[in-house]
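What TrEMBL records for this protein:
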- 8-17: compositional bias 'Polar residues' (COMPBIAS)
- 1171-1186: compositional bias 'Basic and acidic residues' (COMPBIAS)
- 339-475: domain 'RCK N-terminal' (DOMAIN)
- 762-902: domain 'RCK N-terminal' (DOMAIN)
- 1-25: region 'Disordered' (REGION)
- 1157-1186: region 'Disordered' (REGION)
- 94-113: transmembrane segment (TRANSMEM)
- 142-163: transmembrane segment (TRANSMEM)
- 175-196: transmembrane segment (TRANSMEM)
- 202-218: transmembrane segment (TRANSMEM)
- 239-260: transmembrane segment (TRANSMEM)
- 266-285: transmembrane segment (TRANSMEM)
- 297-322: transmembrane segment (TRANSMEM)
Amino acid sequence: MARAKLKNSPSEINSHVKTVPPATTEDVHGVSPLLPARRMGSLGSDVGQRYCRTFSFLSAHRVQVEFYVNENTFKERLKLFFIKNQRSSLRIRLFNFSLKLLTCLLYIVRVLLDNPAEGIGCGWIASDLLDDASNQTQGNYILLYFFQVSVALISFLETMLLIYLSYKGNIWEQIFRISFILEMINTVPFIITIFWSPLRNLFIPVFLNCWLAKYALENMINDLHRAIQRTQSAMFNQVLILICTLLCLVFTGTCGIQHLERAGDNLSLFKSFYFCIVTFSTVGYGDVTPKIWPSQLLVVIMICVALVVLPLQFEELVYLWMERQKSGGNYSRHRAQTEKHVVLCVSSLKIDLLMDFLNEFYAHPRLQDYYVVILCPTEMDIQVRRVLQIPLWSQRVIYLQGSALKDQDLMRAKMDNGEACFILSSRNEADRTAADHQTILRAWAVKDFAPNCPLYVQILKPENKFHVKFADHVVCEEECKYAMLALNCVCPATSTLITLLVHTSRGQEGQESPEQWQRMYGRCSGNEVYHIRMGDSKFFMEYEGKSFTYAAFHAHKKYGVCLIGIRREENKSILLNPGPRHIMTASDTCFYINITKEENSAFIFKQEEKQKKKGFAGRGIYDGPSRLPVHSIIASMGTVAMDLQNTECRPVNSSKLTLPSENGSGSRRPSIAPVLELADSSSLLPCDLLSDQSEDEMTQSDDEGLTVVEYVKGYPPNSPYIGSSPTLCHLLPVKAPFCCLRLDKGCKHNSYEDAKAYGFKNKLIIVSAETAGNGLYNFIVPLRAYYRSRKELNPIVLLLDNKPENHFLEAICCFPMVYYMEGTIDNLDSLLQCGIIYADNLVVVDKESTMSAEEDYMADAKTIVNVQTMFRLFPSLSIITELTHPSNMRFMQFRAKDSYSLALSKLEKKERENGSNLAFMFRLPFAAGRVFSISMLDTLLYQSFVKDYMITITRLLLGLDTTPGSGYLCAMKITEDDLWIRTYGRLFQKLCSSSAEIPIGIYRTESHMFSTSEVRNSQISINVEDCEDTKDVKEHWNIKTSHHRNSCSSDQSEHPLLRRKSMQWARRLSRKGNKHTSKTAEWISQQRLSLYRRSERQELSELVKNRMKHLGLPTTGYDEMNDHQNTLSYVLINPPPDTRLELNDIVYLIRSDPLAHVSNDSHSRKSSCSKKLDPCNPETRDETQL
């Protein structure tokens, strides 16, 4: 090749020297200099020769440049070895430290060899001793002398070399250093004695080398930290310095007093040491004292030095101790290797967050031996410090002040040895996106430092979730929050149901209360979700090979446990209520709701008495062992019928469990079909899969005959953020224009400007939020899911403080009956325009701008006051409110003089003293599902450490995830026609046998009388509104009282007393006008009576009506609103089978997926089903009537 002919460049000769490359050019005649000669083709060898000459010419003009030549000097090489290089300088300092210790040791040996009685003092080797070597002692002195001189010479040379290397232009700075002066005192005299023997008797205070050894030790520790890249605590360094200072003081005083006392009592080295210890400890026995003035002067000097140096050292030590208390120190490496611990990373630690975590984490028995290491960048709060000083937590919780972004702090927390790391976001930040960014960086830092440590991450906004997909478990706050609030509108108190399920409780709350509902509610709140392998379970083992529905019903009947889902061994997906076609196998993992898990349960069996009822003897499913107590369970099940006759369809919008007819005869007791072991096509109609499709085919409404918009089922085409789960939903065939999404403004497509003009058939759901965040998308999706009937879809109105962005409108424009409007809940006009009088539910979402306040718990002040105003203005409206702090829920629907609320407050305090994790559960707004705080769901992340399936099950219940074959949460209402079922156990059987639905709880509403003057006044005022004629008082009261009896019959016993008191009050007011004339007095009395009869409720009513008239809205809807505030509602999770059903109970159901078992021949089944259902209403219900 042509390159082989070239001369070697300087860079090729010396690989350590960098060269400047020549300018890049094309060679003569356009030939590249990098082209090989054999590839030149027809150019020939003459061109190659010209190329070589030209390149040689260019190479001759190259300039060799050497870099870092200053480091090649002899001084720089020495400096690199002695000072700059970490490891070599560490070795030098270690050698220097050893020399100083050796000199001190040689001095002690010299003192011990001295014999003052023989006249051999501490003066150094005399000339006569050097001349006479016959004596062994004298030989030892000579050997010791040479050792001392050699060490002094080496120390002197090393000191001078370091002075030379560290010289920076000021020689006096080096000379007057204390270390240099001490070095000269201890080394130069020895060197002089080599050449001048008379000076060998000179006393040299070699023991002062202990201070040089202390200085060398400090430098050595610093170099050690640099060399191994590991920083010890400053506390350790300071303690080491303090100890070395004390040792140097004691050693200097001991050697000095021993030498000076040679002219006195000839104290031995041990007695001098004893004297120094007694003196410095301020004991002062006085048995050993210096006798001559030089030694006494030395003692005075040493005490003064100690009084100056030691306090400074102790002050530094105390300061570092206080700083360590703030920062938390380190988590022991030995403890990390022998004990288990988890790390909690937070940006700021509040007492509520800490107690929620500790109570939930340590509620599990197998976590009692775990340590919790808290890593927080802020200083420990005073309340947190007090809690962590409690012996219960002080032994198990360790607080470290530090950042998760520093490897140094992660090493202090021993993150690489941790069992798990919980990273929580600061939800009280004004900028929640910035809080998420901090959480993401913490997660990345922990994953980079300890890749094998399981991560449990809490994120606030859904659009940031995909950044932490690598974490083992992720909980997105806004996703869960909006989905839960949406389900609250169709399944009342879903938030309470989920909150109780994810909290650890033993069900002991409220058991000492005199109220029956509190005892039942508290007992059922102890139910949680557990799992067990079916082959290892006593609950479910006997149902192997049987259908899921059969196993669920009989496990509930026999043991009181509610089987809600399974997971196949070969499939990691959890299926809620997979339906009767799922056959149970021994390898299935069963998920069930119970007070405690099966491993902690004791089984007591007894043989039940054989039942004598008709028809029961021929059926054995109720015989045999059963869980105690069962005296009322079997009796409540009724007679079992074997026939499956008169199967017919039911309307979808009907929630009644129709009383079965027994072949036209009403004499037989109502019966319920048995739950079959295996699915039967005759008992479970396939037409339920097609019910909504038949609705979609309808283009005429049943009552008006007007054309309605057809909906299609599909997946939303536009997701507002990455990572949202695809859900099959009801969609518009064509996306709605953005202008049509505005509720209060007409456009060219329609002229509607208020909710009344749209003529919605169903009640509205209004959502009040500050901004149209991506989380609102998760509010809409569960309410538009494919499994909800088209005729049951509620219009959704988004009441937003700020105008939504186009990307959000693009995401929601495909959903039917979704609108938005700009306005706030503190503006009455905005509420009226968005159709609040036509709404069943108003959801008030916590606003980001109010989440942070100077006083923490004041963050909810504006929301609470606004909701209280709406509570007064619209008493029949169901308001669902999200709060920042759960403790503020006691102010929701506040009644100042309500004795019942005060009693509940005392009960809450009592439960908190008993250590309950759910002390707030008895507050009426929470029990009724009308208030919610996202911090209640923090326990979901904590529980996932023990129950790794809880996040998945919660997302399935909320509709955030849709797994093929998994059911969904819904609700049905018990009406008068359904009361023939009588008990929850019979309802369980009815639902399992007819529609394969699994009930999991009851939402119960009871009437309750609040004995307050406020409520009484409001009850009267509601019925006297719109009364303008006040002339005939008696006639007016009679009319209004009769109206009140008709509207609120439950309160009739109180009305006569209230009327009597009100009339007496009015008469007393009228008597005050006797000073006027009779006509004037009569007029004033009538005006006063009219004025005082205008109650607060009436004034509010007139205010609303006046605003509606001003806006051009009809007031008819507001006139129909009644006050239903005198009720209390609560949730019963998995109640006992003998629980009596009551009117208006709402039963939570897990309904199987309608599309789970659609086979290839679904078209043939659809045609056969349509033939059967011709005489029936085409709107069908997935339930069989027997």
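One-based numbering along the chain as shown.
Heads up, the Cβ atoms here are built off N, Cα and C, so glycines get one too.
Automated prediction, rather than curation, is the source of TrEMBL annotations.
Two recorded stretches are said to be in contact when at least 3 C-beta pairs lie under 8 angstroms, sequence spacing 6 or more; the transmembrane segment (94-113) and the transmembrane segment (202-218) meet this definition. Taking pairs at least six residues apart, the transmembrane segment (239-260) and the transmembrane segment (175-196) share fewer than three Cβ pairs below 8 Å and do not count as touching.
Across 142-163, 202-218, 266-285, 297-322, the stretch most heavily in contact with the transmembrane segment (175-196), judged by Cβ pairs under 8 Å, is 142-163.
Sequence-distant contacts of the transmembrane segment (266-285), counting only residues of its own chain at least 6 positions beyond either end whose CB sits under 8 Å from a CB of the stretch, comprise 108, 111-112, 116, 246, 249-250, 253-255, 257-258, 299, 302-303, 306.
Secondary structure of the domain 'RCK N-terminal' (762-902) per DSSP (helix as H, G, I; strand as E, B; remaining residues coil): 60 helix, 29 strand, 52 coil.
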